[in-house]
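Engineer: Quick paste from Swiss-Prot:
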ACT_SITE  Glu252  active site, proton acceptor
ACT_SITE  Cys288  active site, nucleophile
BINDING   Gly229, Ser230, Thr231, Asp232, Thr233, Gly234  NAD(+) binding site
Amino acid sequence: MTTPRKFDEYRWNVLVDGVPLNVESRYPISDPSTGRYLTQVPDCAEADVDRAVQASRQAQAEWGALPPRARAAKLRELITLLREHREEFAMLDAIDGGFPISMMRNDVDAALELMDIFADMALDLGGKTIPVSTNLHFTTHEPFGVVARIGAFNHPFFFAASKVAAPLMAGNSVILKAPDQTPLSSLRLAEVAAEVLPQNLLITISGRGRVAGRAIVRHPQIKRIGFIGSTDTGRSIQRDAAEVAVKHISLELGGKNAQIVFADADLEQAALGAVNGMNFTWTAGQSCGSTSRLLVHESVADQVIARVVELVSAIAVGPPLDENAQMGPLVSQAQYDKSVHAIGEGIREGAKVVAGGGRPEGVGEGGWYLAPTVLADVRPGSFIEQNEIFGPVLSVIIFATDDEAVAIANGVEYGLTASVWTSDITRAHLIARRVEAGYVLVNGGSRHYWGLPFGGVKSSGVGSEESMEELISYTETKTTTVVLG
């Protein structure tokens, strides 16, 4: 499976015990660049999920008994093998998700780097002694057993590969739920991983979320779940899981992230940061971390908006396998319709389209293409200012005072990221302290730094990832006391 023309003939499978699982039904996957049929994948049922979990339990027992450095060595073997398949995984995500292949190569590289960082943390899995008495008291970190990772469609390979690293390093086996819309790289990951990892240690399940995903969440032998996706689905997972067992659940959910540009900021860098932070050229704005609200001080608003419009209008939209394309289509008809509806609501409430707003030129009639869009004169509290669009739509809001900027930034249910642009170091610290976000950048867009905890507050999630916090979260702490006399 190395070229686009093989999609029709390649049979995608869920592997259990080293062979394809006999899944009764399949469902179609569409090509976002044309809107037409691409391929079909297994649509796993509850019984299929249970079969995978039972196989995974057997694999975990031996894996969890290995010393952490031995697990790290195996993880690095996997990293080396995945690197050999870099172009294949980038192509899969480009075709399956509509994302520019150049950016998907970056996604593969980022995933492998983060996996390597988790391998580096092997010896940090030790516990500690606590001198609370003359006896010996110590803690150890022990794996949960079988854990589940449920990925999102917008960074398919990155969320598959990098998000299984911490659970595996911690000694767990992993059931990986492939995204409904973009399952191909997750399925291929399991095929490649089977060449170096113990059998059934990593099993990818494909299928509709309402059946396969729900079966994973409700399975009584999966006690740890990590989910990336929408806030509504995150709440559903919490409800479903609570009905069957007490489970440890981490959630990286939606965002309506603000970039706050003060009058004393480097306005050129702020404009660049606003456009880059929107992830137009990575995922067509389909990112929980997209900085979709640009808050600009009234004294510099015209200047900043003009530069943002210039930058956005220069983005080349085209087919994902075109090396010159900087932005591809949206992943599905549903995502396209959601963005178009949001733009319409914004206009209805008084916003003005200053860039994009419709279908870009030169992409033909097929596919779910939408030009990168900027809306000015967006009112705080309006539909488009409050709701996560998950598309290429940037809203510009004007503020007059620091207090007003903070109030607008905090006036949504989300709290994932925020950016503060200012040359005043005191203001930078004060605003960063006041904004309600789990990840704050000063004079920066939306870059992740691997090793730093990343996670949201409010309705943006529970828990932190990409860091030691993520690794430890896939263990349970055991305290032991040895009475010495």
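Every residue, even glycine, has its Cβ placed from backbone N, Cα and C.
Owing to the predicted nature of the structure, the values given are computational and were not obtained by experimental measurement.
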Engineer: Given the recorded positions Ser230, Thr231, Asp232, Thr233, Cys288, which lie close to Glu252 (active site, proton acceptor), meaning Cα to Cα within 10 A?
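Structural biologist: Near Glu252 (active site, proton acceptor), where near means Cα within 10 Å, the recorded positions are Ser230, Thr231, Cys288.
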Engineer: Rounded to a whole number, how many Å is the Cα of Thr231 (NAD(+) binding site) away from the Cα of Cys288 (active site, nucleophile)?
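Structural biologist: Pair distance, Cα basis, whole Å: 10 Å.
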Engineer: What Cα-Cα separation, expressed in whole Å, is found between Thr233 (NAD(+) binding site) and Cys288 (active site, nucleophile)?
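Structural biologist: Distance (Cα to Cα, whole Å): 14 Å.
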Engineer: In Å, rounded, how far does the Cα of Cys288 (active site, nucleophile) sit from the Cα of Gly229 (NAD(+) binding site)?
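Structural biologist: One finds 8 Å between the Cα atoms of these residues.
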Engineer: Taking Ser230, Thr233 as the binding-site residues to compare, which has the smallest set of other Cβ atoms within 10 Å?
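Structural biologist: Result for the binding-site residues Ser230, Thr233: minimum number of other Cβ atoms within 10 Å at Ser230.
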Engineer: Would you say which of the recorded positions Asp232, Glu252 has the most Cβ atoms within 10 Å of its own Cβ?
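Structural biologist: Max Cβ neighbours within 10 Å, all protein chains included: Glu252.
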Engineer: What other residues of this chain sit with their CB within 8 A of the center of the CB atoms of Gly229, Ser230, Thr231, Asp232, Thr233, Gly234, the recorded NAD(+) site?
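Structural biologist: Near the NAD(+) site, beyond Gly229, Ser230, Thr231, Asp232, Thr233, Gly234, sit Phe227, Arg235, Ser236, Ile237, Leu251, Leu253, Gly254.
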Engineer: According to DSSP, which of helix, strand or coil covers the residue listed as 'active site, nucleophile'?
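Structural biologist: It is coil.
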Engineer: Would you mind listing, in sequence order, the residues at least six apart from Gly229 (NAD(+) binding site) in the same chain with a Cβ closer than 8 Å to its Cβ?
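Structural biologist: For Gly229 (NAD(+) binding site), the qualifying residues are Ile150, Ala152, Glu252, Leu253.
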Engineer: Which state, by DSSP, holds Gly229 (NAD(+) binding site): helix, strand or coil?
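Structural biologist: Gly229 (NAD(+) binding site) sits in coil per DSSP, no helix or strand.
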Engineer: With every protein chain in view, what's the tally of Cβ atoms within 10 Å of the Cβ of Gly234 (NAD(+) binding site), excluding that atom itself?
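Structural biologist: A 10 Å sphere around the Cβ of Gly234 (NAD(+) binding site) contains 23 other Cβ atoms.
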Engineer: Using DSSP and collapsing to three states, where does Gly234 (NAD(+) binding site) fall: helix, strand or coil?
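Structural biologist: It is helical.
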Engineer: Could you tell me which three-state DSSP class the residue listed as 'active site, proton acceptor' falls into?
Structural biologist: strand
